[in-house]
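Peer 1: Here it is: the structure, laid out below.
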Amino acid sequence: MTNPTSDGQPRGRLRVLVLGSTGSIGTQALQVIAANPDRFEVVGLAAGGANLDTLLRQRAETGVTNVAVADEHAARRAGDIPFCGPEAATRLVEETEADVVLNALVGALGLRPTLAALESGARLALANKESLIAGGPLVLAAAAPGQIVPVDSEHSALAQCLRGGTGDEVAKLVLTASGGPFRGWTAEELEHVTPEQAGAHPTWSMGPMNTLNSASLVNKGLELIETHLLFGIPYDRIEVVVHPQSIVHSMVTFVDGSTLAQASPPDMRLPISLALGWPHRVPGAAACCDFSTASSWEFEPLDNEVFPAVELARHAGQAGGCMTAIYNAANEEAAAAFLAGRVSFGAIVETIADVLHAADQWAPKFSETPANVDDVLDAQRWARQQAQRAVAQARPATVSAKTPGVV
(Lines of atoms letter the chains of each structure in order from A and count residues from 1; the text may use other names and numbers.)
(Lines give C-alpha, C1' and ligand atoms only; values in the text may rest on other atoms or scores of the structure.)
Protein backbone atom coordinates (compact mmCIF):
# COMPACT_ATOMS: atom_id res chain seq x y z
CA MET A 1 0.00 0.00 0.00
CA THR A 2 1.13 3.57 -0.63
CA ASN A 3 2.26 5.43 2.50
CA PRO A 4 1.50 9.12 3.12
CA THR A 5 4.19 11.78 3.26
CA SER A 6 4.74 13.95 6.34
CA ASP A 7 2.13 16.46 5.11
CA GLY A 8 -0.50 13.74 4.76
CA GLN A 9 -0.37 13.51 0.96
CA PRO A 10 0.09 10.10 -0.68
CA ARG A 11 3.62 9.06 -1.63
CA GLY A 12 3.95 7.41 -5.03
CA ARG A 13 1.22 6.28 -7.37
CA LEU A 14 -1.78 4.22 -6.32
CA ARG A 15 -2.24 1.04 -8.35
CA VAL A 16 -5.87 0.89 -9.52
CA LEU A 17 -7.77 -2.12 -10.81
CA VAL A 18 -10.87 -1.05 -12.78
CA LEU A 19 -13.77 -3.52 -12.94
CA GLY A 20 -16.47 -2.52 -15.41
CA SER A 21 -14.03 -0.37 -17.35
CA THR A 22 -16.22 0.06 -20.45
CA GLY A 23 -19.27 1.37 -18.58
CA SER A 24 -20.07 4.95 -17.64
CA ILE A 25 -18.27 4.89 -14.26
CA GLY A 26 -15.34 2.88 -15.61
CA THR A 27 -14.66 5.16 -18.56
CA GLN A 28 -14.85 8.27 -16.38
CA ALA A 29 -12.52 6.65 -13.84
CA LEU A 30 -9.97 6.05 -16.58
CA GLN A 31 -10.27 9.73 -17.53
CA VAL A 32 -9.52 10.71 -13.92
CA ILE A 33 -6.54 8.35 -13.80
CA ALA A 34 -5.17 9.56 -17.14
CA ALA A 35 -5.44 13.18 -15.98
CA ASN A 36 -3.47 12.39 -12.81
CA PRO A 37 -0.53 10.17 -13.79
CA ASP A 38 1.41 11.31 -10.73
CA ARG A 39 -1.29 9.90 -8.44
CA PHE A 40 -2.69 6.81 -10.14
CA GLU A 41 -1.76 4.00 -12.51
CA VAL A 42 -4.00 1.32 -14.02
CA VAL A 43 -2.91 -2.27 -13.31
CA GLY A 44 -5.88 -4.18 -14.69
CA LEU A 45 -9.20 -3.93 -16.55
CA ALA A 46 -12.35 -6.05 -16.47
CA ALA A 47 -15.50 -5.87 -18.57
CA GLY A 48 -18.39 -8.04 -19.66
CA GLY A 49 -17.38 -8.05 -23.32
CA ALA A 50 -20.34 -6.30 -24.95
CA ASN A 51 -18.14 -3.28 -25.74
CA LEU A 52 -15.09 -5.22 -26.82
CA ASP A 53 -13.65 -2.51 -29.08
CA THR A 54 -13.73 -0.04 -26.18
CA LEU A 55 -11.96 -2.52 -23.91
CA LEU A 56 -9.25 -3.20 -26.48
CA ARG A 57 -8.71 0.52 -26.94
CA GLN A 58 -8.45 0.96 -23.17
CA ARG A 59 -5.92 -1.86 -23.00
CA ALA A 60 -3.81 -0.19 -25.67
CA GLU A 61 -4.04 3.24 -24.03
CA THR A 62 -3.15 2.02 -20.54
CA GLY A 63 -0.63 -0.61 -21.59
CA VAL A 64 -1.98 -3.18 -19.12
CA THR A 65 -1.79 -6.91 -19.75
CA ASN A 66 -4.07 -8.04 -16.92
CA VAL A 67 -7.48 -8.00 -18.61
CA ALA A 68 -10.64 -9.96 -17.78
CA VAL A 69 -13.67 -10.55 -20.02
CA ALA A 70 -16.77 -12.36 -18.76
CA ASP A 71 -18.04 -13.27 -22.25
CA GLU A 72 -15.87 -16.19 -23.39
CA HIS A 73 -16.85 -15.74 -27.05
CA ALA A 74 -15.77 -12.08 -26.95
CA ALA A 75 -12.54 -13.07 -25.21
CA ARG A 76 -11.73 -15.55 -27.98
CA ARG A 77 -12.37 -12.90 -30.62
CA ALA A 78 -10.04 -10.49 -28.85
CA GLY A 79 -7.26 -13.00 -28.27
CA ASP A 80 -4.58 -12.75 -25.59
CA ILE A 81 -7.08 -12.25 -22.74
CA PRO A 82 -5.61 -13.91 -19.63
CA PHE A 83 -8.88 -14.07 -17.66
CA CYS A 84 -12.17 -15.06 -19.29
CA GLY A 85 -15.49 -16.56 -18.21
CA PRO A 86 -18.05 -15.81 -15.49
CA GLU A 87 -15.42 -15.71 -12.71
CA ALA A 88 -12.87 -13.73 -14.73
CA ALA A 89 -13.18 -10.51 -12.74
CA THR A 90 -12.82 -12.36 -9.43
CA ARG A 91 -9.69 -14.17 -10.61
CA LEU A 92 -8.26 -10.89 -11.90
CA VAL A 93 -8.70 -9.33 -8.45
CA GLU A 94 -7.16 -12.34 -6.74
CA GLU A 95 -4.09 -12.39 -8.98
CA THR A 96 -3.38 -8.66 -9.41
CA GLU A 97 -1.62 -6.53 -6.80
CA ALA A 98 -3.55 -3.30 -6.38
CA ASP A 99 -3.94 -0.52 -3.84
CA VAL A 100 -7.47 0.33 -5.02
CA VAL A 101 -10.09 -1.87 -6.67
CA LEU A 102 -12.85 0.12 -8.36
CA ASN A 103 -15.86 -2.16 -8.69
CA ALA A 104 -18.09 -0.57 -11.33
CA LEU A 105 -19.64 -3.82 -12.55
CA VAL A 106 -23.41 -3.82 -13.06
CA GLY A 107 -25.70 -6.02 -10.98
CA ALA A 108 -25.30 -8.60 -8.23
CA LEU A 109 -22.62 -10.45 -10.24
CA GLY A 110 -20.23 -7.97 -8.63
CA LEU A 111 -20.53 -9.71 -5.24
CA ARG A 112 -17.66 -12.19 -5.58
CA PRO A 113 -15.23 -9.55 -6.96
CA THR A 114 -16.20 -7.28 -4.06
CA LEU A 115 -15.41 -10.01 -1.53
CA ALA A 116 -12.15 -10.84 -3.33
CA ALA A 117 -11.09 -7.18 -3.25
CA LEU A 118 -11.75 -6.96 0.49
CA GLU A 119 -9.87 -10.20 1.08
CA SER A 120 -6.87 -8.79 -0.82
CA GLY A 121 -6.60 -5.86 1.58
CA ALA A 122 -7.01 -3.26 -1.17
CA ARG A 123 -9.28 -0.27 -0.68
CA LEU A 124 -12.61 -0.95 -2.38
CA ALA A 125 -13.99 2.01 -4.34
CA LEU A 126 -17.53 0.71 -4.60
CA ALA A 127 -19.80 1.75 -7.45
CA ASN A 128 -21.43 -1.68 -7.69
CA LYS A 129 -24.00 -1.02 -4.98
CA GLU A 130 -25.82 -4.25 -5.81
CA SER A 131 -23.00 -6.38 -4.36
CA LEU A 132 -23.27 -4.61 -1.01
CA ILE A 133 -27.06 -4.80 -1.08
CA ALA A 134 -27.12 -8.48 -2.04
CA GLY A 135 -24.37 -9.63 0.29
CA GLY A 136 -24.60 -6.97 3.01
CA PRO A 137 -23.72 -9.02 6.12
CA LEU A 138 -21.01 -10.96 4.26
CA VAL A 139 -19.47 -7.82 2.77
CA LEU A 140 -19.47 -5.96 6.08
CA ALA A 141 -17.91 -8.94 7.86
CA ALA A 142 -15.12 -9.10 5.26
CA ALA A 143 -14.34 -5.37 5.32
CA ALA A 144 -11.82 -3.71 7.61
CA PRO A 145 -12.83 -0.33 9.08
CA GLY A 146 -12.68 2.30 6.35
CA GLN A 147 -11.81 -0.22 3.62
CA ILE A 148 -14.96 0.49 1.58
CA VAL A 149 -15.21 3.96 0.04
CA PRO A 150 -18.44 4.75 -1.86
CA VAL A 151 -18.45 6.05 -5.43
CA ASP A 152 -22.13 6.99 -5.63
CA SER A 153 -22.42 10.77 -5.44
CA GLU A 154 -24.93 10.58 -2.58
CA HIS A 155 -22.81 8.34 -0.36
CA SER A 156 -19.64 10.22 -1.23
CA ALA A 157 -21.45 13.36 -0.10
CA LEU A 158 -22.48 11.71 3.17
CA ALA A 159 -18.93 10.51 3.82
CA GLN A 160 -17.67 14.07 3.34
CA CYS A 161 -20.37 15.62 5.54
CA LEU A 162 -19.81 13.08 8.30
CA ARG A 163 -16.30 14.45 8.72
CA GLY A 164 -18.02 17.41 10.38
CA GLY A 165 -19.07 15.55 13.52
CA THR A 166 -18.81 12.36 15.55
CA GLY A 167 -21.11 9.38 15.13
CA ASP A 168 -23.12 10.11 18.27
CA GLU A 169 -23.74 13.66 17.03
CA VAL A 170 -25.63 12.51 13.92
CA ALA A 171 -29.40 13.00 14.08
CA LYS A 172 -30.28 11.86 10.56
CA LEU A 173 -28.94 11.39 7.04
CA VAL A 174 -30.75 12.99 4.10
CA LEU A 175 -30.43 11.47 0.63
CA THR A 176 -31.41 13.68 -2.29
CA ALA A 177 -33.12 12.41 -5.43
CA SER A 178 -33.61 14.28 -8.68
CA GLY A 179 -37.06 12.73 -8.94
CA GLY A 180 -36.15 11.26 -12.32
CA PRO A 181 -37.74 12.09 -15.67
CA PHE A 182 -41.27 11.40 -14.36
CA ARG A 183 -41.37 13.70 -11.35
CA GLY A 184 -44.93 15.00 -10.97
CA TRP A 185 -46.51 12.26 -13.08
CA THR A 186 -49.49 10.25 -11.85
CA ALA A 187 -49.56 6.48 -11.46
CA GLU A 188 -51.92 6.28 -14.45
CA GLU A 189 -49.53 8.25 -16.64
CA LEU A 190 -46.62 6.03 -15.61
CA GLU A 191 -48.42 2.99 -17.02
CA HIS A 192 -47.71 4.27 -20.54
CA VAL A 193 -44.01 5.07 -20.16
CA THR A 194 -41.73 3.71 -22.88
CA PRO A 195 -38.16 2.42 -22.43
CA GLU A 196 -36.96 5.41 -24.48
CA GLN A 197 -38.57 7.84 -22.06
CA ALA A 198 -37.21 5.97 -19.04
CA GLY A 199 -33.73 6.17 -20.53
CA ALA A 200 -33.62 9.98 -20.50
CA HIS A 201 -32.40 11.19 -17.10
CA PRO A 202 -32.81 14.95 -16.53
CA THR A 203 -29.41 15.62 -14.91
CA TRP A 204 -27.07 12.60 -14.95
CA SER A 205 -25.45 10.58 -17.73
CA MET A 206 -25.49 6.92 -16.69
CA GLY A 207 -25.67 3.41 -18.08
CA PRO A 208 -29.08 2.06 -19.21
CA MET A 209 -29.88 0.01 -16.10
CA ASN A 210 -28.94 2.77 -13.66
CA THR A 211 -30.96 5.26 -15.71
CA LEU A 212 -34.04 3.01 -15.61
CA ASN A 213 -33.58 2.40 -11.88
CA SER A 214 -33.44 6.15 -11.37
CA ALA A 215 -36.67 6.62 -13.32
CA SER A 216 -38.49 4.04 -11.17
CA LEU A 217 -36.83 5.35 -7.97
CA VAL A 218 -35.54 1.81 -7.35
CA ASN A 219 -32.05 3.28 -7.50
CA LYS A 220 -32.91 5.52 -4.55
CA GLY A 221 -34.24 2.48 -2.73
CA LEU A 222 -30.94 0.71 -3.34
CA GLU A 223 -29.10 3.80 -2.12
CA LEU A 224 -31.21 3.86 1.04
CA ILE A 225 -30.11 0.30 1.82
CA GLU A 226 -26.51 1.12 0.94
CA THR A 227 -26.60 4.14 3.26
CA HIS A 228 -27.65 2.00 6.20
CA LEU A 229 -25.00 -0.62 5.48
CA LEU A 230 -22.16 1.85 4.91
CA PHE A 231 -22.80 4.20 7.81
CA GLY A 232 -24.74 2.10 10.33
CA ILE A 233 -27.55 4.63 10.75
CA PRO A 234 -30.98 3.04 11.44
CA TYR A 235 -33.47 3.13 8.58
CA ASP A 236 -35.86 5.37 10.50
CA ARG A 237 -33.14 8.05 10.60
CA ILE A 238 -32.51 8.06 6.84
CA GLU A 239 -34.70 10.44 4.85
CA VAL A 240 -35.14 10.85 1.08
CA VAL A 241 -36.07 14.23 -0.41
CA VAL A 242 -36.48 15.32 -4.03
CA HIS A 243 -34.00 17.93 -5.28
CA PRO A 244 -34.51 18.37 -9.05
CA GLN A 245 -31.30 20.34 -9.69
CA SER A 246 -29.02 17.52 -8.41
CA ILE A 247 -26.57 20.06 -6.97
CA VAL A 248 -26.86 19.08 -3.31
CA HIS A 249 -25.94 15.41 -3.30
CA SER A 250 -26.81 14.59 0.31
CA MET A 251 -26.94 16.14 3.77
CA VAL A 252 -26.27 15.24 7.40
CA THR A 253 -28.32 16.78 10.20
CA PHE A 254 -26.67 16.85 13.63
CA VAL A 255 -28.20 16.79 17.10
CA ASP A 256 -27.62 20.53 17.61
CA GLY A 257 -29.90 21.35 14.68
CA SER A 258 -27.17 22.13 12.13
CA THR A 259 -27.13 20.51 8.68
CA LEU A 260 -24.06 20.01 6.50
CA ALA A 261 -24.56 19.56 2.75
CA GLN A 262 -22.17 18.66 -0.05
CA ALA A 263 -22.88 20.58 -3.26
CA SER A 264 -21.32 20.44 -6.72
CA PRO A 265 -22.56 20.39 -10.33
CA PRO A 266 -23.54 16.87 -11.49
CA ASP A 267 -20.23 15.26 -12.50
CA MET A 268 -19.31 11.73 -11.45
CA ARG A 269 -15.61 12.46 -11.85
CA LEU A 270 -15.68 14.21 -8.47
CA PRO A 271 -16.86 11.24 -6.34
CA ILE A 272 -14.79 8.87 -8.47
CA SER A 273 -11.61 10.85 -7.88
CA LEU A 274 -12.32 11.10 -4.16
CA ALA A 275 -12.93 7.35 -3.90
CA LEU A 276 -9.70 6.58 -5.75
CA GLY A 277 -7.60 8.97 -3.69
CA TRP A 278 -9.44 8.79 -0.35
CA PRO A 279 -9.08 10.55 2.01
CA HIS A 280 -7.24 13.05 -0.22
CA ARG A 281 -8.96 15.27 -2.79
CA VAL A 282 -7.77 15.44 -6.39
CA PRO A 283 -7.35 19.08 -7.52
CA GLY A 284 -9.39 20.04 -10.57
CA ALA A 285 -11.40 16.82 -10.64
CA ALA A 286 -14.57 18.68 -11.62
CA ALA A 287 -16.06 22.16 -11.88
CA CYS A 288 -17.34 23.86 -8.73
CA CYS A 289 -20.63 25.70 -8.16
CA ASP A 290 -20.78 29.18 -9.66
CA PHE A 291 -22.40 31.43 -7.06
CA SER A 292 -21.90 34.57 -9.16
CA THR A 293 -24.99 33.76 -11.23
CA ALA A 294 -28.56 33.63 -9.95
CA SER A 295 -29.91 30.15 -9.29
CA SER A 296 -32.37 28.39 -7.00
CA TRP A 297 -32.27 25.01 -5.30
CA GLU A 298 -35.60 23.28 -4.70
CA PHE A 299 -36.43 20.54 -2.19
CA GLU A 300 -39.73 18.69 -1.95
CA PRO A 301 -41.04 15.48 -0.34
CA LEU A 302 -40.98 12.24 -2.28
CA ASP A 303 -44.41 10.98 -3.41
CA ASN A 304 -44.26 7.47 -1.94
CA GLU A 305 -47.71 6.55 -3.26
CA VAL A 306 -46.76 7.09 -6.90
CA PHE A 307 -43.15 5.94 -6.39
CA PRO A 308 -43.24 3.24 -3.66
CA ALA A 309 -39.81 1.77 -4.47
CA VAL A 310 -38.04 3.59 -1.62
CA GLU A 311 -40.49 2.39 1.05
CA LEU A 312 -40.27 -1.16 -0.31
CA ALA A 313 -36.50 -0.94 0.05
CA ARG A 314 -36.90 0.32 3.61
CA HIS A 315 -39.13 -2.68 4.37
CA ALA A 316 -36.60 -5.10 2.86
CA GLY A 317 -33.75 -3.52 4.78
CA GLN A 318 -35.56 -3.60 8.11
CA ALA A 319 -36.50 -7.26 7.53
CA GLY A 320 -32.79 -8.05 7.25
CA GLY A 321 -31.05 -11.20 6.06
CA CYS A 322 -31.29 -11.75 2.31
CA MET A 323 -34.37 -9.59 1.83
CA THR A 324 -32.35 -6.79 0.25
CA ALA A 325 -30.86 -9.32 -2.18
CA ILE A 326 -34.41 -10.36 -3.03
CA TYR A 327 -35.42 -6.73 -3.62
CA ASN A 328 -32.51 -6.27 -6.02
CA ALA A 329 -32.97 -9.56 -7.89
CA ALA A 330 -36.70 -8.99 -8.37
CA ASN A 331 -35.97 -5.55 -9.79
CA GLU A 332 -33.36 -6.87 -12.22
CA GLU A 333 -35.85 -9.38 -13.64
CA ALA A 334 -38.73 -6.90 -13.87
CA ALA A 335 -36.55 -4.14 -15.33
CA ALA A 336 -35.26 -6.50 -18.03
CA ALA A 337 -38.85 -7.41 -18.91
CA PHE A 338 -39.79 -3.73 -19.20
CA LEU A 339 -36.80 -2.95 -21.43
CA ALA A 340 -37.83 -5.89 -23.62
CA GLY A 341 -41.33 -4.41 -23.98
CA ARG A 342 -43.05 -7.28 -22.14
CA VAL A 343 -44.49 -5.37 -19.18
CA SER A 344 -45.51 -1.84 -18.29
CA PHE A 345 -43.30 0.57 -16.35
CA GLY A 346 -45.55 0.30 -13.31
CA ALA A 347 -45.14 -3.48 -13.29
CA ILE A 348 -41.49 -3.11 -12.25
CA VAL A 349 -42.24 -1.96 -8.72
CA GLU A 350 -45.39 -4.10 -8.51
CA THR A 351 -43.23 -7.16 -9.21
CA ILE A 352 -40.80 -6.18 -6.45
CA ALA A 353 -43.71 -5.78 -4.03
CA ASP A 354 -45.18 -9.17 -5.00
CA VAL A 355 -41.86 -10.96 -4.52
CA LEU A 356 -41.16 -9.30 -1.16
CA HIS A 357 -44.68 -10.22 -0.01
CA ALA A 358 -44.11 -13.84 -1.06
CA ALA A 359 -40.83 -13.89 0.86
CA ASP A 360 -42.56 -12.50 3.96
CA GLN A 361 -45.33 -15.11 3.74
CA TRP A 362 -43.64 -18.26 2.49
CA ALA A 363 -39.88 -17.96 2.93
CA PRO A 364 -39.08 -16.59 6.41
CA LYS A 365 -35.62 -18.17 6.20
CA PHE A 366 -34.61 -15.30 3.91
CA SER A 367 -34.83 -12.91 6.87
CA GLU A 368 -32.00 -14.83 8.55
CA THR A 369 -28.38 -13.71 8.22
CA PRO A 370 -26.74 -15.58 5.30
CA ALA A 371 -23.91 -17.91 6.29
CA ASN A 372 -22.10 -17.69 2.96
CA VAL A 373 -22.35 -16.54 -0.66
CA ASP A 374 -24.35 -19.64 -1.59
CA ASP A 375 -27.14 -18.56 0.77
CA VAL A 376 -27.29 -15.19 -1.01
CA LEU A 377 -27.29 -16.84 -4.43
CA ASP A 378 -30.09 -19.21 -3.36
CA ALA A 379 -32.19 -16.23 -2.25
CA GLN A 380 -31.54 -14.45 -5.54
CA ARG A 381 -32.47 -17.54 -7.58
CA TRP A 382 -35.72 -17.87 -5.64
CA ALA A 383 -36.48 -14.17 -6.15
CA ARG A 384 -35.79 -14.35 -9.88
CA GLN A 385 -38.13 -17.32 -10.26
CA GLN A 386 -40.86 -15.52 -8.34
CA ALA A 387 -40.30 -12.36 -10.38
CA GLN A 388 -40.50 -14.28 -13.66
CA ARG A 389 -43.87 -15.71 -12.61
CA ALA A 390 -45.09 -12.25 -11.64
CA VAL A 391 -43.87 -10.78 -14.93
CA ALA A 392 -45.71 -13.49 -16.89
CA GLN A 393 -48.96 -12.41 -15.22
CA ALA A 394 -48.30 -8.65 -15.31
CA ARG A 395 -50.03 -6.11 -17.52
CA PRO A 396 -48.40 -5.76 -20.93
CA ALA A 397 -46.78 -2.51 -21.95
CA THR A 398 -49.09 0.07 -23.52
CA VAL A 399 -48.51 3.56 -24.88
CA SER A 400 -51.14 6.28 -24.69
CA ALA A 401 -51.21 9.60 -26.51
CA LYS A 402 -52.28 11.15 -23.19
CA THR A 403 -48.94 10.39 -21.60
CA PRO A 404 -46.80 13.52 -21.05
CA GLY A 405 -43.98 13.64 -23.54
CA VAL A 406 -45.46 11.05 -25.90
CA VAL A 407 -46.28 12.33 -29.38
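FYI, residue positions are counted from 1 along the chain as it appears here.
Using N, Cα and C of the backbone, Cβ positions are placed for all residues, glycine too.
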Peer 1: Let me know which member of Glu87, Glu94, Glu95, Glu223 Swiss-Prot also records as binding Mn(2+) at the site of Asp152, Glu154.
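Peer 2: My reading of Swiss-Prot gives Glu223 as the candidate in that site.
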Peer 1: Spatially, and counting Cα to Cα, which of the binding-site residues is closest to Glu223 (1-deoxy-D-xylulose 5-phosphate binding site)? Options: Ser24, Gly48, Asn128.
Peer 2: Asn128
Peer 1: Among the binding-site residues Thr22, Ser24, Gly48, Asn219, whose Cα is within 10 A of the Cα of Asp152 (Mn(2+) binding site)?
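Peer 2: Within 10 Å Cα-Cα: none.
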Peer 1: List the same-chain residues at least 6 positions away in sequence whose Cβ sits under 8 Å from the Cβ of Asn128 (NADPH binding site), in sequence order, or say none.
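Peer 2: In sequence order, Leu19, Gly20, Asn103, Ala104, Leu105, Val106, Gly107, Gly110, Pro113, Thr114 meet the Cβ cut-off.
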Peer 1: List nothing but the one residue from Thr22, Ser24, Asn219 whose Cβ has the fewest other Cβ atoms within 10 Å; the candidates are the binding-site residues.
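Peer 2: Taking Thr22, Ser24, Asn219 as the binding-site residues, the minimal 10 Å Cβ count falls on Ser24.
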Peer 1: With a radius of 8 angstroms around the mean position of the C-beta atoms of Asp152, Glu154, Glu223, what other residues of the same chain does the Mn(2+) site pick up?
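Peer 2: After dropping the recorded site residues, what remains is Lys129, Pro150, Ser153, His155, Ser156, Leu175, Asn219, Lys220, Leu222, Glu226, Thr227, Ser250.
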Peer 1: How big is the Cα-to-Cα gap, in Å, between Asn219 (1-deoxy-D-xylulose 5-phosphate binding site) and Ser24 (NADPH binding site)?
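Peer 2: One finds 16 Å between the Cα atoms of these residues.
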Peer 1: In the structure shown, which of the binding-site residues Glu154, Glu223 has the fewest other Cβ atoms within 10 Å?
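Peer 2: Ranked by other Cβ atoms within 10 Å, the binding-site residues Glu154, Glu223 bottom out at Glu154.
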